[in-house]
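Here TrEMBL flags B:G8, B:F9, B:G10, B:T11, B:V12, B:G13 as NADP(+) binding site. Feature annotation from TrEMBL assigns domain 'Aspartate/homoserine dehydrogenase NAD-binding' to B:8-139. The NADPH binding site annotation in TrEMBL covers B:K115. Feature annotation from TrEMBL assigns domain 'Homoserine dehydrogenase catalytic' to B:147-318. The L-homoserine binding site annotation in TrEMBL covers B:E200. Marked as active site, proton donor by TrEMBL: B:K215.
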Number of protein chains: 2
Amino acid sequence: MIKIAIVGFGTVGQGVAELLIRKREEIEKAIGEFKVTAVADSKSSISGDFSLVEALRMKRETGMLRDDAKAIEVVRSADYDVLIEASVTRVDGGEGVNYIREALKRGKHVVTSNKGPLVAEFHGLMSLAERNGVRLMYEATVGGAMPVVKLAKRYLALCEIESVKGIFNGTCNYILSRMEEERLPYEHILKEAQELGYAEADPSYDVEGIDAALKLVIIANTIGVKASYEDVEVTGITQITPEAFQVAAEKGYTIRLIAEVSREKLKVSPRLVPFHHPLAIKGTMNAAMFKTDTAGSIFVAGRGAGKEETASAILSDLYEIYAGPR
Amino acid sequence: MIKIAIVGFGTVGQGVAELLIRKREEIEKAIGEFKVTAVADSKSSISGDFSLVEALRMKRETGMLRDDAKAIEVVRSADYDVLIEASVTRVDGGEGVNYIREALKRGKHVVTSNKGPLVAEFHGLMSLAERNGVRLMYEATVGGAMPVVKLAKRYLALCEIESVKGIFNGTCNYILSRMEEERLPYEHILKEAQELGYAEADPSYDVEGIDAALKLVIIANTIGVKASYEDVEVTGITQITPEAFQVAAEKGYTIRLIAEVSREKLKVSPRLVPFHHPLAIKGTMNAAMFKTDTAGSIFVAGRGAGKEETASAILSDLYEIYAGPR
């Protein structure tokens with residue numbers, strides 16, 4: 001019986017809970033029986049014997065869970081085998097670092113969707129996991145359901161990855177695709193994106209390139225380029241004009257916010273992309289192009305955000321930990 | 001010490017040998033020490049203590065290996081842990097079926113790039129592997145270095161894969177992309193492709209859709225749709241005219257040879273694809289779009305053929321068998 005604790009019970013945590021409820025049969029067929037033994041957010045929690053369906057309902061109706069114990073207490077003392085750490089990303093790592101560290105120290109596997117801790121302490125946390133004989137999985141931190149982490153770590157493990165160029169922020173890609181189509185000013189399209197729910201009221205985390213840079217740091221460390229957030233040269237999309245799209249189009253190019261890592265480069269910036277290049281992808285999609293020595297160029301694309309897509313990436317990590325060879 | 005036998009010593013088998021020589025250090029770091037204990041083709045072989053570099057040279061210079069023992073004898077009696085089966089695909093399965101079956105019966109892992117055996121006996125061979133407690137891996141059979149098999153079997157294991165639409169033949173995609181650009185007749189572009197080495201002197205295996213259909217059968221069985229070659233409705237690209245591209249372009253479409261599998265459909269045929277759709281990919285690339293319930297649509301693309309790319313997919317299977325958790 002696999003005992004699962006979920007910490008962080010906002011969109012992602014709730015999405016995981018929903019999939020665990022809805023897909024219990026398939027999941028148990030693949031990885032064996034499981035039970036959610038604790039759920040916590042920063043203010044409240046529930047653990048022991050409880051109904052996950054009830055916990056979801058209580059959180060939605062009251063904003064709280066049953067008990068006073070906070071996330072950190074649950075991480076330290078609840079009975080679980082794997083921690084799903086789904087709290088909200090903070091650029092400095094935030095409380096998530098403590099949740100992950102405490103769980104690893106107790107010899108528990110961790111699956112996280114939280115970029116902050118990995119950006120702040122990638123190698124420290126990885127070696128803590130190794131020393132304790134457990135896994136720290138983080139597919140959901142980059143590109144939602146797009147399989148970039150496992151592609152880099154497993155599938156391309158025997159290749160040299162020379163560079164990764166990616167579109168890691170759906171908000172920026174939506175705004176740029178729409179500017180390309182409509183030739184309207186940035187502010188106009190940003191407003192549209194906000195109305196559609198593709199951009200936050202304060203969009204700076206996305207449009208300044210911060211989110212893409214955090215993901216780039218995670219990918220860089222994954223492929224063996226040691227990097228921290230300060231190492232990334234970041235330019236956002238707020239200064240791009242409809243005229244820039246016009247000039248680019250005349251030469252057969254569009255503009256996309258590209259995050260790139262190689263031995264020489266760690267950079268997030270608006271770049272010219274030929275119309276027919278795979279990275280000229282439109283809408284809220286995320287995409288990544290891996291350049292390798294022997295496997296050539298491998299391209300992947302998928303929904304980079306969304307409750308179900310992120311939860312689905314978390315489940316793929318659970319599968320990787322617990323499923324046998326296939 | 002992992003003991004590897006290579007059967008089939010044409011382009012792919014030699015490509016694997018070259019990578020095993022060139023990347024020995026990285027490979028051993030990832031999966032442990034290995035030794036190639038036997039190499040065979042349909043007429044000759046070498047086994048026991050020998051230099052792989054020498055074997056490669058002898059094969060290239062004389063077309064033969066040192067000993068008279070043929071592939072099937074080597075498979076049956078050589079000392080190895082994993083068989084790399086890289087013989088040429090035959091639609092009816094060919095000798096490859098016997099190589100794979102005999103190796104599995106002896107409790108040896110098999111990694112194959114040969115589509116024939118999997119198309120002819122997918123479920124029989126898979127359950128033979130399972131009964132003998134070994135793995136039968138086949139990433140290299142579909143899409144070269146493009147990670148479709150592991151994507152379907154592992155990454156998306158907890159998703160329902162509703163459909164896969166793919167471009168699985170680089171020759172057809174090259175011809176169609178060039179017809180799109182040049183608006184010249186099929187015969188003209190075919191000749192160009194033959195001169196460039198992208199099409200065979202007898203191109204029917206590619207242009208009639210046979211190769212794409214074989215790969216589709218493998219993908220279908222991988223995602224749980226039981227299928228044999230006879231179940232696929234196949235139309236090739238030989239009847240497509242420059243005028244068809246003209247008419248399509250006026251509505252914003254191009255034409256690609258699409259292989260599609262879902263619960264209702266198993267079909268290879270030329271299809272209209274919107275210009276900006278990821279499957280409108282150009283050149284000799286392969287591509288696949290997975291439609292899933294919870295991970296949304298996942299798109300992958302890469303070099304579908306080539307000695308190093310195919311060898312690289314075989315190495316990724318070796319890694320999957322022998323590498324520990326990462």
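Glycine is no exception: its Cβ is also placed from the backbone N, Cα and C atoms.
Heads up, TrEMBL stuff is auto-annotated, nobody curated it.
Nearest by CA distance to B:G8 (NADP(+) binding site), out of the recorded positions B:K115, B:E200, B:K215, is B:K115. Listed in sequence order, the residues of the same chain lying 6 or more apart from B:G13 (NADP(+) binding site) and placing their CB within less than 8 Å of its CB are B:I6, B:V7, B:V39, B:D41, B:I84, B:A86, B:S87. The residues of the domain 'Aspartate/homoserine dehydrogenase NAD-binding' (B:8-139), classed with DSSP into helix (H, G, I), strand (E, B) and coil, number 68 helix, 21 strand, 43 coil. Using a 10 angstroms CA-CA radius around B:K215 (active site, proton donor), the binding-site residues that qualify from B:F9, B:G10, B:T11, B:V12, B:K115, B:E200 are B:K115. For B:V12 (NADP(+) binding site), the same-chain residues that are 6 or more apart in sequence and have a Cβ closer than 8 Å to its Cβ are B:A86, B:S113, B:A140, B:K307, B:T310, B:A311, B:I314. In the three-state DSSP scheme, B:E200 (L-homoserine binding site) falls into the coil class. With respect to their backbone Cα atoms, B:E200 (L-homoserine binding site) and B:G10 (NADP(+) binding site) stand 16 Å from each other. Neighbour count (other Cβ atoms within 10 Å of the Cβ, all protein chains): 26 for B:K215 (active site, proton donor). If you take every residue in the domain 'Homoserine dehydrogenase catalytic' (B:147-318) and average the pLDDT, you get 96.
Its own atom aside, the Cβ of B:G10 (NADP(+) binding site) has 14 Cβ atoms within 10 angstroms in the protein chains shown. Sequence-distant contacts of B:K115 (NADPH binding site), defined as residues of its own chain at least six apart whose C-beta falls under 8 angstroms from its C-beta, comprise B:T89, B:T141, B:V142, B:D211, B:L214, B:K215, B:I218. For the binding-site residues given as B:G8, B:T11, B:E200, the lowest number of other CB atoms within 10 Å of the residue's CB is seen at B:E200.
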